[in-house]
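> My structure is below; once you've seen it, I'll send some questions.
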Amino acid sequence: MQTVDKRSKYLYNGESRNMAVTQFEAADARRCFPCWDDPAFKAKFKLTLEVPSDLVALSNMPVAKETVSGSIKTVYYEESPLMSTYLVAIVVGIFDYIESSTSEGTKVRVYTQVGKTNQGKFALDVAVKSLDLYKDYFATPYPLPKLDMIAIPDFSAGAMENYGLVTYRDTALLYDELLSSASNKQQVAITVAHELAHQWFGNLVTMEWWTHLWLNEGFASWVSYLAVESLFPEWNNWTQFLDETTSGLKLDALAESHPIEVEVNHASEIDAIFDSISYDKGASVIRMLQSYLGAERFQKALASYIKKYAYSNAKTEDLWAVLEEESGEPVKDLMTTWTKQQGYPVIYAKINGHDLELEQAQFLSDGSSGPGMWIVPVTSCCGSYDAQKKFLLKDKTDKINIKEFAASQSADGEKNQNIWIKLNIDQTGFYRVKYDDELAAGLVNAIKAKKLSLMDKIGIVEDSYALSVACKQTLTSLLRLLNAYNDESDYTVLSHVTSVCLSISKITVDATPDLNKDIKQLLINLLLPAAIKLGWDPKDGESHLDVMLRSLLLTAMVRLGHNETINEGVRRFQIFFEDRKTSLLPPDTRKAAYLAVMRTVSTSNRSGYDALLKIYREASEPQEKSRVLGSLSSSPDKDIVLEALNFMFTDEVRNQDSFYILGGISLEGREVAWTWLKENWDYVLKTWKSSSLISDFIESIVPPFTSEEKATEVTEFFAGRIKPSFERALKQSLERVRISVRWIQSIRSEPKLGETVQELLQAEA
């Protein structure tokens with residue numbers, strides 16, 4: 001997000017050409033024209049550009065007139081409404097476009113490289129429908145006469161909501177029916193819906209200062225799920241939203257997290273807060289508030305807020321004031337505890353006679369307990385979703401009388417051991433729950449008896465995993481809980497279960513090397529029935545989520561070392577390599593096959609690596625290129641990992657795509673990756689100037705380590721090298737290493753782990 005004029009390279013008629021693209025957020029408009037480069041200083045902009053006459057020149061507003069003088073044309077644009085400097089945009093290059101119109105007649109276009117307009121159709125359809133939906137939801141029309149969206153090959157920001165001219169990395173906007181995967185399709189829909197939500201939340205009403213960035217990003221993230229749920233209900237999007245909540249909870253459990261509202265004193269500090277707190281925690285606390293106030297009241301209040309602050313600026317307190325006025329609820333007191341202090345609570349729940357006793361404490365992954373206190377919207381149900389209680393937990397402790405819950409259960413003829421109590425129904429609250437043994441056992445039974453919603457099944461496994469990492473419950477009990485998911489077949493639940501399985505598989509390599517093979521087998525056995533049921537080949541008429549589940553499970557089986565899946569992946573890859581049009585390896589299963597190939601690659605048997613490089617070089621689709629890059633560094637052979645890392649330094653890999661290679665590094669390659677980073681640090685710092693890209697290097701290479709010695713070595717290396725742009729990423733990465741150190745010590749001290757693993761393996765046999 002640091003560059004004013006980015007020359008993005010692309011091919012036109014076989015020649016390499018440059019396009020010019022601006023990216024002014026957060027504070028780079030000042031590098032293009034003199035201005036008060038501050039979101040509160042809104043102005044009207046009237047732009048004029050002189051460009052070569054054969055090029056297309058786009059800006060925020062429609063063209064008013066154009067004059068041509070020889071090889072140069074002058075383009076005059078209509079005057080914009082009041083807007084902030086960071087939203088001004090200019091793009092110049094050679095493009096094709098496709099267009100459509102909203103129900104109000106607003107012209108919407110998708111611009112692509114010449115010959116790729118077909119890949120813009122899906123995004124165009126989502127855009128038109130999203131604009132219509134937001135117009136109704138916010139009770140305010142789209143404010144500009146046109147909306148252009150454009151795919152940029154080199155674009156480190158991912159996507160940027162410039163008023164009326166939204167720029168996207170090509171992978172975030174383009175979708176090819178034949179060459180893109182189901183997850184690509186979903187990502188395009190979410191990204192387009194997110195950027196267009198900004199046209200109201202961010203562009204029409206803008207945060208007063210960067211401290212309130214979350215008003216832009218948290219709301220756009222939350223509203224994008226609302227839109228996609230409406231457009232594609234079969235995707236079960238609100239359940240998938242728990243991916244965002246999980247991401248926010250993980251980061252916010254670090255001592256080195258930060259509040260949603262973070263003091264920003266200088267422009268150089270802004271980039272560091274474009275993180276999972278502003279986006280994912282921000283979106284999650286909005287979902288919590290909407291759930292507490294009710295959807296209708298919440299929507300009405302948001303519409304009032306947009307009307308009140310249109311073409312102007314607002315701070316967090318302004319939103320709370322409108323919501324409080326419209327709802328009559330203590331919104332400011334409630335929400336201030338969530339936005340002005342970092343972290344969140346874990347609620348300890350235990351049965352004492354007829355009471356359910358609750359106690360809150362700040363949850364931290366290092367097992368300590370912070371000083372935070374929250375006003376928590378608690379929801380609970382007992383034995384059925386028909387019997388619910390809601391209240392605000394305002395103090396450290398409280399209790400609920402569950403006598404009537406229990407009475408209604410026994411009236412139904414249920415035995416006491418079948419009664420279950422679930423807090424935080426559908427995970428609408430941004431907190432974790434630690435149940436006593438009796439309550440935890442009841443929930444395991446409820447999972448087995450299929451009594452719980454998808455969201456609650458996800459919440460239970462994610463909370464248990466986090467509590468295990470924090471040494472607040474044993475890995476032994478987590479493995480017993482996972483066993484209750486052994487006949488699960490839903491993508492949304494299994495995406496969280498597989499994530500937990502892969503984390504357990506990694507930590508036990510270092511914690512209990514003697515048990516690691518058996519634990520991996522246990523995790524394979526858990527996922528195998530669903531993987532076998534789906535197989536490798538797509539089925540006619542199967543759902544979007546089953547397509548995504550197949551990819552998820554096959555990839556997980558390869559990562560867990562399941563030989564049959566690896567062998568089948570290699571077999572299909574070899575056929576695909578000879579015939580790229582074969583139906584044996586469609587886009588959705590390619591990642592699994594590519595990873596399978598890389599698990600078999602070594603210095604003495606490198607044909608699979610070379611074959612993948614050939615596919616990369618011949619592919620024109622960015623999604624296919626990213627699939628290959630994400631596999632190259634996953635070999636167990638350290639020399640191959642090193643070769644993949646050095647491939648990043650060639651001009652064949654765009655800087656923005658380095659994170660794919662970094663994110664794929666095998667556990668066996670972590671040491672060689674760290675040595676490589678130390679040797680090349682000065683070059684990395686000079687080449688990857690954006691703070692988010694530099695942070696990728698640290699966040700990919702440091703956290704896989706699990707020893708105090710390595711944490712000390714990393715600290716010593718960076719002493720005297722720290723810069724504000726990556727300081728927080730480094731501190732968080734080191735904290736993650738030390739959390740793993742502590743978790744490993746805890747796992748090693750569990751007396752019944754080995755016995756439980758054998759017992760569960762035999763039960764599955």
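Cβ atoms here come from the backbone N, Cα and C positions, even for glycine.
Note that TrEMBL annotation is computational and uncurated.
As listed in TrEMBL for this protein:
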- GLU195: active site, proton acceptor (ACT_SITE)
- HIS194, HIS198, GLU217: Zn(2+) binding site (BINDING)
- 7-87: domain 'Aminopeptidase N-like N-terminal' (DOMAIN)
- 122-338: domain 'Peptidase M1 membrane alanine aminopeptidase' (DOMAIN)
- 420-738: domain 'ERAP1-like C-terminal' (DOMAIN)
- TYR279: site 'Transition state stabilizer' (SITE)
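Quick one: how deep are these features, and who are their neighbours?
For GLU195 (active site, proton acceptor), applying a Cβ distance below 8 Å and a minimum sequence separation of six or more within one chain yields MET149, ALA159, MET160, GLU161, VAL166, TYR168, ALA220.
Around the Cβ of HIS198 (Zn(2+) binding site), the same chain contributes GLU161, ASN216, ALA220, each under 8 angstroms and 6 or more positions distant in sequence.
Non-local contacts of TYR279 (site 'Transition state stabilizer') by the CB criterion (under 8 A, 6+ apart in sequence, same chain) comprise TRP214, GLU217, GLY218, SER221, GLU244, GLY248.
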> Of the residues in the domain 'Aminopeptidase N-like N-terminal' (7-87), how many are helix, strand and coil by DSSP?
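Result for the domain 'Aminopeptidase N-like N-terminal' (7-87), in helix, strand, coil order: 6 helix, 38 strand, 37 coil.
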> What is the Cβ neighbour count of GLU217 (Zn(2+) binding site) at a 10 Å cut-off, with all protein chains included?
25
> For the recorded Zn(2+) site, whose residues are HIS194, HIS198, GLU217, find every other residue on that chain with a C-beta no more than 8 angstroms from the centre of their C-beta atoms, and list them by sequence position.
GLU161, GLU195, ALA197, PHE201, GLY202, ASN216, PHE219, ALA220, SER221, SER224, TYR279
> To see if you understand the setup: which same-chain residues, six or more apart in sequence, place their Cβ under 8 Å from that of HIS194 (Zn(2+) binding site)?
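Non-local contacts for HIS194 (Zn(2+) binding site): ALA159, ALA220, SER221, VAL223, SER224.
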